[in-house]
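These come from Swiss-Prot:
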ACT_SITE  37  active site, proton donor
BINDING   30-37, 149-152, 178, 186-189  ATP binding site
BINDING   61  beta-alanine binding site
BINDING   61, 155  (R)-pantoate binding site
């Protein structure tokens, strides 16, 4: 396994592999790797000869300084895990390398619509930061395929559209969420939880499953479902951030044409902001316009 901090050195090595006809897969991460990340690496291995993993805590996508400062950084442990997966190349740039003129003078990439709705509405600039850094990393690595977790459902939709809109010749592969034994979605932020908080955290997934069951049972009173779900989270000591029920394909309000809905949830627990999602098939009676859906976020606080 080779580790590169310099863009030019990484590019030269990738060019060598490409001249040899090797297929390149890329897994961008922010480090503090867990089994979910390693699942992405294994999926990447299925689609390419060479796997490149980046470890970069991107300051542009954080809307709170404390969140950026608290984000766990475990480089030595990360490199050990990647070595165990026989990753060929690891890219570990500094913010100064990625943004040499600073954030204020950086050319920005933003996917209209998708970037400013749902989570993007409450975290202005977040998805612009994601799209910008992923574009830069794609340009540096020049992969044939890139793997992203489905846990970040809206982010994956944005990256898919960005790749299509900018005519990037990169196959985007979504990988299902990896969960702990108790159902909690694996996340680097889980390490911020205290022992007591960790015991309460699976309530997010359980509440999501309750919402899914309600929808599959034919309920279409989404505002009431969201209110009940928020109460369940509060009762367990979580602070609801956002709960949305949207069309899984468009992320717009569910309507008569919708065949699947996606439940998008986030909640604060201690220092951690936990997120999760689940796609659910809609029964016929649920495929109608839900006028109250636009106020879901506000109702979930």
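Backbone N, Cα and C atoms are what each Cβ position is placed from, and that goes for glycine too.
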- Item | Densest Cβ neighbourhood among 30, 33, 178 (binding-site residues), 10 Å radius | 33
- Just the number: how many Å between the Cα atoms of residue 150 (ATP binding site) and the residue listed as 'active site, proton donor'? 11
- Note on the structure: For residue 155 ((R)-pantoate binding site), the closest of the binding-site residues by C-alpha position, picking from 33, 61, 178, is 61
- Message: Are there any residues at least 6 positions away along the chain from residue 188 (ATP binding site) with a Cβ closer than 8 Å to its Cβ? List them or say none.
- Response: 30, 31, 32, 33, 34, 71, 72
- Give the helix, strand or coil assignment DSSP yields for the residue listed as 'beta-alanine binding site'. helix
- For the residue listed as 'active site, proton donor', just count the other CB atoms lying within 10 A of its CB, please. 26
- Task: Take the C-alpha atoms of the residue listed as 'active site, proton donor' and residue 178 (ATP binding site) and report the distance between them in angstrom, rounded.
- Result: 9
- Item | Close in space, distant in sequence - residue 36 (ATP binding site), Cβ under 8 Å, 6 or more apart | 149, 151, 177, 178, 185, 186, 187
- Residues with Cβ closer than 8 Å to the Cβ of residue 61 (beta-alanine binding site), same chain and 6+ apart in sequence? 125, 126, 127, 129, 130, 133
- Task: Based on Cβ atoms within 10 Å, give me the single least packed residue among the binding-site residues 150, 155.
- Result: 150
